[in-house]
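Over in TrEMBL, the protein carries these features:
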- ASN13, TRP14, LYS15, GLY182, SER220, GLY241, GLY242: substrate binding site (BINDING)
- HIS104: active site, electrophile (ACT_SITE)
- GLU176: active site, proton acceptor (ACT_SITE)
Amino acid sequence: MSGSTIIPWVVGNWKMNPLQANAEQLIHDLKQCFSQVEISAQSCHVGVAPVSIALLNVQDQLRGSMINTVAQDVSRIAGLGAYTGEVSAELLSDSGIQFVLVGHSERREIFSDTAEVVKEKVKNALSAGLTVIYCVGESLEQREKGHAEQVVLQQICDIAAIVQAEKWQKIIIAYEPIWAIGTGKTASPEDAQTMHAKIREGLSQITAEGKNIAILYGGSVKPENAVELAACPDIDGALVGGASLNAESFYQIAQAFAKTK
Ligand code: PEP
């Protein structure tokens, strides 16, 4: 147990997975794992982010469990209207979804979500009352050039202008070095801690809430490295991709944070 008052968060990002039959099995297994008494919502917040077409079904099936349902993305357009294919923050909120990932590196890199677009998404999500898991992280090239901190702190600053003082409590940061996502490479706990401490310092300069904002680490987190990561004072949880598709692995990661923090 550390002295921090932040309850850790462990969130599984299912990305464009799995097929429905496998999702049914995964949800069944997750419910079974998380019904064990070792973890409670007081020791660790837990969420899973399914594909958008499965959000309501997953939410329904997880009702009564400690697992929250998280959207993987939100439209940069607010409200309702003629925007084919889009899902707005208001529609998410109207469906009872309270959490959303914004700025994941796959959105930024593959779908050209610029800093401006990401900012609009954060703004809309907050206006609709959602909690935003805001993803930041540097590329390998940026790290090798020694620009990692500057890139990440700039991504934090990008949203500073549009997050009103009272809304910082609705922000969770996920630091995900792009070179560690889905590659099996993890930042060393020391490197991750160093970046998390810098992020904490940056946030504290922006808002009095800085010390209370959860900063999650993401990038090939698995049961084998979760305990070490959880032991770092400024790592308040994990955003988990691949390993979240296995209920037992995901549970073990959550357990590591619940027990260590
Ligand atoms: C992610 O997609 O946010 C992620 C961290 O993926 P993985 O755990 O597979 O690296």
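From the backbone N, Cα and C atoms, a Cβ is placed for every residue, glycine too.
The residue listed as 'active site, electrophile' is 11 Å away from GLY241 (substrate binding site) when you measure Cα to Cα. Look at the Cβ of each of the binding-site residues ASN13, SER220 and count the other Cβ atoms within 10 Å; the largest number goes with ASN13. According to DSSP, TRP14 (substrate binding site) is assigned to coil rather than to any helix or strand.
Looking only at other Cβ atoms within 10 Å, the busiest spot among the recorded positions LYS15, HIS104 turns out to be HIS104. The maximum pairwise C-alpha distance among ASN13, TRP14, LYS15, GLY182, SER220, GLY241, GLY242, the residues recorded as binding substrate, is 14 Å. GLY241 (substrate binding site) is surrounded by 21 other CB atoms, counting those within 10 A of its CB over all protein chains shown. Separation of the C-alpha atoms of SER220 (substrate binding site) and GLU176 (active site, proton acceptor): 9 Å, rounded to the nearest whole number.
With every protein chain in view, the residue among the binding-site residues GLY182, GLY242 whose Cβ has the most Cβ partners within 10 Å turns out to be GLY242.
Apart from ASN13, TRP14, LYS15, GLY182, SER220, GLY241, GLY242, the substrate site neighbourhood in this chain, defined by C-beta within 8 angstroms of the site C-beta centre, holds ILE181, VAL240, ALA243, SER244, LEU245. Rounded to a whole number, the C-alpha distance linking TRP14 (substrate binding site) with GLU176 (active site, proton acceptor) is 15 angstrom. Sequence-distant neighbours of GLU176 (active site, proton acceptor) (same chain, six or more apart, CB under 8 Å from its CB) are HIS104, SER105, CYS135, VAL136, GLY137, TYR217, GLY218, GLY219, LEU239, listed in sequence order. Over all protein chains present, the Cβ of TRP14 (substrate binding site) has 21 other Cβ atoms lying within 10 Å.
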